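Pulled from Swiss-Prot:
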type: ACT_SITE; residues: C31; note: active site, thioimide intermediate
type: ACT_SITE; residues: D38; note: active site, proton donor
type: BINDING; residues: I53, E54, L55, Y72, E73; note: substrate binding site
Amino acid sequence: MKQEILEVFDNTYPDRDYTIEIVNPEFTSVCPKTGLPDFGTITVSYIPDKTCIELKSLKYYFLEFRNAGIFYENVTNRILDDLVAVSSPRSMTVRTEWKARGGITETVTVSHNASA
């Protein structure tokens, strides 16, 4: 997962609070215990400050996880950390919803608030 893949562009409306929601319904990674693929939906919601996340670079960033052995919780926190590092949003929430494995689903949500 190469953070340097991520790109941003200038926010044309930095004086206005507005929410951007990005959904990736086809996210994949690998279970570090079993080596089997994990499938999930990643939702990123954020209020930008000076920059916005460029979507093509985000797509390629997400593809970096495809062969990575990483737990759900770590995926979610890593994505938040990397996106906050490159875009410095006013606030951001990353929610990952994972398909059933053994009849159990999991959802992980993590947030960042710049004013906190």
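Just so you know, glycine gets a Cβ as well, placed from its N, Cα and C.
DSSP classifies C31 (active site, thioimide intermediate) as coil under the three-state reduction.
Among the recorded positions C31, I53, Y72, E73, the ones whose Cα sits within 10 Å of the Cα of the residue listed as 'active site, proton donor' are C31, Y72.
The two recorded residues, I53 (substrate binding site) and C31 (active site, thioimide intermediate), show a Cα separation of 27 Å. Residues I53, E54, L55, Y72, E73 are listed as the substrate binders, and the farthest two of them sit 24 Å apart at their Cα atoms.
Y72 (substrate binding site) sits 8 Å from C31 (active site, thioimide intermediate), taking the CA atoms of both as reference points.
In the structure as shown, the Cβ atom of E73 (substrate binding site) sits within 10 Å of 12 other Cβ atoms.
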